[in-house]
Every structure is written in C-alpha cells, then in structure tokens.
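J.: A single structure is presented below for examination.
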C-alpha cells in the first residue's frame, strides 16, 4: 500500500463507510516478539526508560496490555498512549464556579422607543415571545404601534453546582447587608447616650447631684457601693424592657432587672462510661452505639451492687424480656408436640394459648394437691402460721434512739438459732469458733485449736506466739546479715568467679540433666493429679452430707499452690460449656 493511500485512510472519518481502507495489524515474527518482551521486562526492572505518550507523560510499564493497548479503530497509528482510558473532556460536566450566583435587584434597562425585530409582539421586550408574555393583551400590539415598549427583563443564569457548591451556605451572601444591622444598633446606642446625657443635665440643673455630693455619707465614704450601679441599671431598665420580647428565646430565661441570661442546661455531673476504667483490657466501649455491655469494675474487685454503674447488660433482663423468653420456650415445646404456633408469625395466638396453658396447669396442680390430701390427710400442717410469726420476725415499725433504746413501737424479738449459744466448756472464757487462723478454728482466750482441750489462758497465747517467732526467726536469719569487711567481699568475688568457671564446664552436661528434670516434673505432676482426685472425692463426700450435719472444718489452705497443683487442677476441672465434658468420666 502506498503512502498516499495510508494518508487518505487516516484522513477519512471513522464512520464505518465501505470506502474506508485501514491497514490491518501485521503478524509479528518470533524475533520481534522476543525483543518486545525483553524490552518490557527491562522497563519493569527500571533498566530501560518508560514509554512516553503524545503529551510527554510516562506510561507505567506495570499496566496490563489489555488496558494500555489502543484499539486499531481508534488510533491507526498505534502510538503508545493512555488517553483512551482517561475521562473524555466532551463527556465531563461543566460546573459553575463558587463565586457565581443569581443577581438580585438588577436595574431595568432604559426604555426603548422603537420596536426591535424578534421582540414580543404584545409588549416589545426582547426576553420573551408573545405566548410567554405576562402583560395584559393589548388591543394593538407594540409591534404595530411602536409605543409603550416594555423594558427587557433580566434573565437569571442557569447555575449548576457540584457537591460542595450545593452545600455552600455562604454562596451568594453579600457582607454589606450586615452593615445595615450594625448601623441600626449604632443608632440605638447613640439615642441611649443622648437620653442619658439629657438626664444628667436635668439633674445638674435641679441640684440633685450637688446635694448628693455634699451629703455626709458621700464625704465619709459610707454610701452604699451598689447605689450608683442600681441607678444606672434603673435608667437602662426602660430601654431593656423594650427589647425583652425580642431577646426571649426558647431555652433561655431573660431577666430585664438583672440583665442576665440564664441557660436551662442539664447538670452533667455523671462520669462518661469510657472514663470509669482506663484499662484497655477492661470492658469494651462501643463508640457507635455508646454502649458498654460489661461491668467496668469487674477486675477491680468491687461489688456490682455498690458501684453506680455496672454495665448495660442489665437491660437484657428488664421489661418483658423474661416473659418473652418463657413464651418462646413454650412455643418450641408446643411445636415439638405437634402444635403449629410461632412467636413471630402468630404472636396473638401463641399468647392466648400460653395463658390457657398456665391456667390449666394451675388447676391441675390444685386438683393433684386436693386428691393427695383427701387420700393421705395432713391439711392441719398446711394451716400452720407463717415462718415470720414462728421466728418472731415481723415488719412492725420500731423507732430507736442513738443509744439503741426503743423510743416508739415494740422491740423486735431476736431470732433464736437452732444451735446452742454461749456454751463455754473446760474453763474457756470464749466459745469454740471465736478464733481462726490458717484454715483452723479455735478458742480466742488461749489460741487453742483443740475443741475439748482445757483453757491455758495467756500462757497458751505466749506459747503459740513463741512458736511463730521461732519459725519467723528461722526464715529471717538469712535476710539479716552482719556488715562484711573488704577482705570478705574480695573472697566472695573470688568464689563467684570460680562458680562461673564451673558453670561453663558443666554447660555441655545440661542435656543429660534435662531428661532427669523432666522425669522429676512428671512424677510431681502425677502426685499432684492423685492429690487432686482425692480432694475432689473429699468435696463430693462433703456435698452429699446434709447441710446441717456438715463438720465445722474448712478445706481452705493459706499456702500458695505449686505449678504442678495448678496444672492438675486445670486438667481435672470440668467445664459445663465443653461439648466433650460428658465423655471425661468414661
């Protein structure tokens, strides 16, 4: 194909005509394809300069080929470019600038005296036609008379703003309009000053100010300090009353006598939820819903009943939550037994069915109770007085003094215990259980831990304290040391250096000793597991005994558990939420 034919093809419009003859892309040889790929790799590695489009911009070599390649029907020259991927200017919307706005109060142009071609035939204005004219239809239009031609109206521009332009509240605002308000306030202030000056002139002419200056109170400084300010306020009260109606706004209380504005704001002395516990590992605060479900004082050891805020989880158990859960449980049970009820689909039907079920259940219990009483008797035991009367505990009002004596009402009788009280045996002055130490009960008078022992008095206390001192001295001898001399310090340093050398020699022997340590740990863990099993059996036996017949001793120990005991406790602990918990006993 000749060069003239190619130029003619490029100059022809891309309208799909049959006369258009474009050169089709030729098939590349293997050598050309290999060179092209090598050049692309070099450009990606930065060893070769990137391609440049017709605008002089670099083309990123990492852009895929299906994006960077130009279709042959768009650009037959196959020049490297990304113009076809950018927004086309003819498709972009043209928005108005931020300074453009509708013109207000535009003066009308001078009235013309001659009809202009293309103007309204009725009034003669150039801005509209006869069918859009708002004037009264004339008997003979301005086109034929040439008189009373109306001026041209101002045509407002068609503004089209972008996202920010539509939300610009100050667009089109003229700051000079605010000067009118400033001038009005300045006039009011000037009028008040002139009135005040006139009053002072009148008082000076009448002699009131001279009498006030010559008064003894004014000379000795005994005049009330607020008298002058009160006069100033009283002189301005008349002016303030004029504007009191304008100043009265919702959410405010305006007092013209005191000239103050009091805000009706709610006192916020409560603490924000997220400031109650600054520990990041404490209860989570959701800023979107402003909710803190858990108790922020959970890790602080405080009782939830004593704190002012214990989390938002209490809302889950308020209102109709419990009743709704009971209704849902009844719906599930009824569905399992063949009743077609659903809480969300048929709420009214389910509510009526649940109410009738509760009534029938109560009737069935009453019938069952009556049948048992008729068959076996025992109605007289059910007619016994309540437990409050039996234990002499009532809700009668009783008023006490500061010293504990009864002022009004009858003193309440003390509830008697089922156990014997104030029983002192074997010459003891205190009862058994008045002393507690290291998991054992005893007598407070002699610190004895044997229930049926004789009281030894202060001598027993001294013996117990001396035993503690001996134990404490044995443990504290190591901590209390005499001051050392320089020679002793030097000898200790030499010993430490020898120990370090020995440790270096024994490093290669540690591998053999590690196996021995593992065996020892295994044996300790085995013993701890056996002890934990024995403890669980002991606890199980105690729980099977009646609560009133259980012994007084406690399982509590004061010493800290070892690592093996803690590991055994974790291994033997049963978790109710564990799905495999039922298989542990097998």
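Each Cβ is built from the backbone N, Cα and C atoms, and glycine gets one as well.
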J.: Give the range, chosen from 47-87, 88-128, 129-169, that Swiss-Prot lists as motif 'Bipartite nuclear localization signal'.
T.: 129-169
J.: What Cα-Cα separation, expressed in whole Å, is found between residue 408 (SUMO2 cross-link) and residue 349 (SUMO2 cross-link)?
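T.: Residue 349 (SUMO2 cross-link) has its Cα 56 Å from the Cα of residue 408 (SUMO2 cross-link).
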J.: Do any residues, 6 or more residues outside the motif 'Bipartite nuclear localization signal' (129-169), come within under 8 Å Cβ-to-Cβ of it, and if so which ones?
T.: 93-96, 98, 100-103, 106, 108-115, 119-123
J.: These are the recorded sites: 349, 408. Which one scores highest on other Cβ atoms within 10 Å?
T.: 349
J.: Using DSSP with the three-state reduction, classify residue 349 (SUMO2 cross-link) as helix, strand or coil.
T.: helix
